[in-house]
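Here's the structure we're looking at; comments come further down.
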Ligand SMILES: NC(=O)C1=CN([C@@H]2O[C@H](COP(=O)(O)OP(=O)(O)OC[C@H]3O[C@@H](n4cnc5c(N)ncnc54)[C@H](OP(=O)(O)O)[C@@H]3O)[C@@H](O)[C@H]2O)[C@@H](O)CC1
Ligand SMILES: Nc1ncnc2c1ncn2[C@@H]1O[C@H](COP(=O)(O)OP(=O)(O)O)[C@@H](O)[C@H]1O
Ligand SMILES: [K+]
């Protein structure tokens, strides 16, 4: 899915209205109908108490008015509160007139704001994508009032006060919603950790915005779902042999962190690699052979950490980093690898920390190298970010400048490409916030980079998506708290299988 800017979202509305020859109020009716259905599936009409709908002066408020009318007609008890404003949008005014007389509707008085009981359902339809400046005066008081009450707030399209595609001034007043129900496409703001307290759980409801407009819109940000990946992971050919999928080399592990090497190895094997050789310190020999017998162990002369780079000739791709430590000799191995390798590289964990501590090595990164830092590792490679938007800019700039594919791990892991495009992954769950999950990702990405049939972009996108999907499948079995990184490995196969069978786009 594409992520549109606030301006593009408005243009998409207009394009839909024009292409279908409908009036804007009809599109509003469509959006509100989707939202009303969502609500009616979750709330019984006889639930005690009224649903309070807070409406602003624009089309977001208009949505709220339509939902109020529809819920009222369906037998729900609703009460509408209007934000005092000097002017209103035409569709607001129209739907204000369409409100049945018996439906309670009053203007908000900042001196006497409505008392909301805990668990009262509140619909926040104050402001949506038309917000241009931080909330002040009555609007700010109303939002602060909503936030203080322990009501169940459902934001219409966007939590009021939140910009959808840009940072806002610190201490801005923003609705803290439990749910945000948005239309057609997710908004960038929903994907950033700093906005989680406002957005809550978000859902996107289709409202049939013009596909042609969306298709031709130029964007530099995508949300990666199964549809975007359809047809990108080819089947294994009937007459394939292990050479078809390539031979990978993984350099990983040091004393006390050999588990990272094992997890990455097992993930690489389950990721479909043809052959895997693992460079571990000598102390890792038995551990690796027993826990990943399908991999070949190529032990280092040193006992506790990796000190020598093996001959690179046999390998189609090379991964380095999980649990490898930051000894000086290991740093030198990394430097030699960066100088000598002419196959795809995947760099993770301590390989990234070594790069951060020895920035001169960044100049040696071969083009199309894939790096997988979490935010702390990324900061070591670049600089502390002011906020999540700034971090995304740093990520784009890093990938452009270094001509690499750089991942920023977390919920909605982001991938930046050498041309500065951003892709947000849609799979995964908080159960994956556990030691070793990142090592699993590295192993899987290495397998996919070893498969010469995949472009660097497709390998990265498929790997991130399948890793999260494997985590989701694992959590269904173990629960989120019970999930450990090894569980993700067991579900890599099913996650990849699902992607393989997605129908290709024409
Ligand atoms: N277009 C369509 O067909 C569809 C649109 N849809 C819905 O419309 C929403 C977008 O509607 P919108 O563009 O009318 O903007 P909206 O968010 O209601 O706010 C604008 C109003 O607020 C005012 N205002 C702004 N900032 C303010 C502030 N800080 N403090 C005080 N006032 C402030 C601003 O005043 P102004 O800036 O002009 O002075 C203006 O009056 C979108 O999120 C979705 O819910 C759906 O129905 C699908 C079909
Ligand atoms: N809340 C979350 N939602 C989705 N994925 C998550 C979440 N927390 C962590 N993950 C995923 O788990 C992995 C954690 O990687 P990392 O921080 O490197 O862990 P480790 O170093 O312990 O292996 C990343 O792929 C990240 O995207
Ligand atoms: K809103």
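Using N, Cα and C of the backbone, Cβ positions are placed for all residues, glycine too.
Binding of K(+) is attributed by TrEMBL to 60, 160, and the same site annotation extends, among 91, 124, 137, to 124. TrEMBL annotates 409, 410, 411, 412, 413 as AMP-binding residues; of 431, 435, 436, 438, the candidate listed for that same site is 438. Secondary structure at residue 413 (AMP binding site), taken from DSSP and collapsed to helix, strand or coil, is coil. In the three-state DSSP scheme, residue 60 (K(+) binding site) is classed as helix.
Listed in sequence order, the binding-site residues among 124, 409, 413 whose CB lies under 6 angstroms from an atom of ligand 2 come out as 409, 413.
Take 409, 410, 411, 412, 413, 438, the residues named in the record as contacts for AMP: the widest Cα to Cα gap among them comes to 14 Å. Annotation note: residue 124 (K(+) binding site) sits in a strand segment as assigned by DSSP. The closest partner of residue 124 (K(+) binding site) among the binding-site residues, by CA position, is 62; the full candidate set was 62, 374, 409, 412.
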